[in-house]
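J.: Sharing a structure here in structure tokens format.
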Amino acid sequence: MAIEQTAITRATFDEVILPIYAPAEFIPVKGQGSRIWDQQGKEYVDFAGGIAVTALGHCHPALVNALKTQGETLWHISNVFTNEPALRLGRKLIEATFAERVVFMNSGTEANETAFKLARHYACVRHSPFKTKIIAFHNAFHGRSLFTVSVGGQPKYSDGFGPKPADIIHVPFNDLHAVKAVMDDHTCAVVVEPIQGEGGVTAATPEFLQGLRELCDQHQALLVFDEVQCGMGRTGDLFAYMHYGVTPDILTSAKALGGGFPISAMLTTAEIASAFHPGSHGSTYGGNPLACAVAGAAFDIINTPEVLEGIQAKRQRFVDHLQKIDQQYDVFSDIRGMGLLIGAELKPQYKGRARDFLYAGAEAGVMVLNAGPDVMRFAPSLVVEDADIDEGMQRFAHAVAKVVGA
């Protein structure tokens, strides 16, 4: 007997999915490059990139080919064994960065969880069992597990789940004096995003990151860079630490690492990695052949002069459009960020209305993001075409006009 097929609509979400998201009223069904189409065939220019994930756009031929080829070979084997795609990708990351060891997980949360566990364990076994303090920053975002959401400095995400992990201190971002006031020899790690993405697209100052490096060295603490959102070419360098010239002890990567396929990584030195041993940590799916094959293909394209050297010109094209919109509608108080992670802060009269602009953008046929209630965020493909930038920003201008009532 045939099973009756019920139509899938936005209402289906409310009937079957846990209510932890509030998705748009339309359902995307197809993507190509920087364009997306919904169930009704409406086209959108995508400047959201799945929240800085689809770094090469949708359905890039090289990634599709890697997926198909590996999908016909070996999907999953578990970490009882190793596999060739994981070892190839690990070697590429090590050769391109400060790191000497890497471990693969499936999401930014998992990569950060791994980093925080390693930082604490390293301090305990190399220094003292009382060296457990983690210093992090207000408005940071590091994931949704209980540990990572507690390190993230946003109570709206971390409150309401009972006792939190102890010895986590939050201080203002870009405030080195505040860090000095709480830093001591009980500190095992300072955890920072070089660019706070969810927290408003705010970049660290060079002096701040250099100061953190010096404080960590002084107190034998590890400097952990969360580059889940700002890494993998987003800033115009492969990783943001390269732009700043400040080398962390541990770095986490996810999002763009797989170009849209779930994978994350934690990178560190051989000395720090040696604190872990078999059984210290693990993941059933982490480093599976399918994810690593796709990520390897993405890495080979992103880590090229053709891509990285083109990012600043694309950024300037976005900024020029945003400045033109601001001149016409007087809506932005600041345009900031780095590379193709761009934030546009709303003026006081539009504070709290970022999602209004987001929804109006979708109605006009362009996907954008917010970064909190007061900042519009753009995280497009790193290879977005100039024509897509121009058309998408024209659509966004129409959205702005609608919201401001022009």
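Glycine is no exception: its Cβ is also placed from the backbone N, Cα and C atoms.
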J.: If Swiss-Prot gives G108, T109, D226, E227, V228, Q229, T284 as binding pyridoxal 5'-phosphate, which of F81, F141, F261 does it give for that site as well?
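T.: For the pyridoxal 5'-phosphate site that includes G108, T109, D226, E227, V228, Q229, T284, Swiss-Prot also lists F141.
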J.: Spatially, and counting Cα to Cα, which of the binding-site residues is closest to K255 (N6-(pyridoxal phosphate)lysine)? Options: F141, D226, E227, Q229, T284.
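T.: Going through F141, D226, E227, Q229, T284 one by one, the Cα closest to that of K255 (N6-(pyridoxal phosphate)lysine) is Q229.
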J.: Say we define neighbours as other CB atoms within 10 Å of the CB. Which of the binding-site residues T109, Q229, S283, T284 has the fewest?
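T.: Across T109, Q229, S283, T284, these binding-site residues, the one with fewest Cβ atoms within 10 Å is T284.
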J.: Between T284 (pyridoxal 5'-phosphate binding site) and R144 (N(2)-acetyl-L-ornithine binding site), what is the CA-CA distance rounded to a whole number of Å?
T.: 19
J.: Write out the long-range same-chain contacts of E227 (pyridoxal 5'-phosphate binding site), meaning residues 6 or more apart in sequence whose Cβ is under 8 Å from its Cβ.
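T.: Result: E193, P194, F239, A240, Y241, L251, T252, S253.
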J.: Using a Cβ cut-off under 8 Å and a sequence separation of 6 or more, which residues in the same chain sit near G108 (pyridoxal 5'-phosphate binding site)?
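T.: H142, G143, D226, V228, Q229, T252, A254, K255, S264 - these are the non-local Cβ neighbours of G108 (pyridoxal 5'-phosphate binding site), listed in sequence order.
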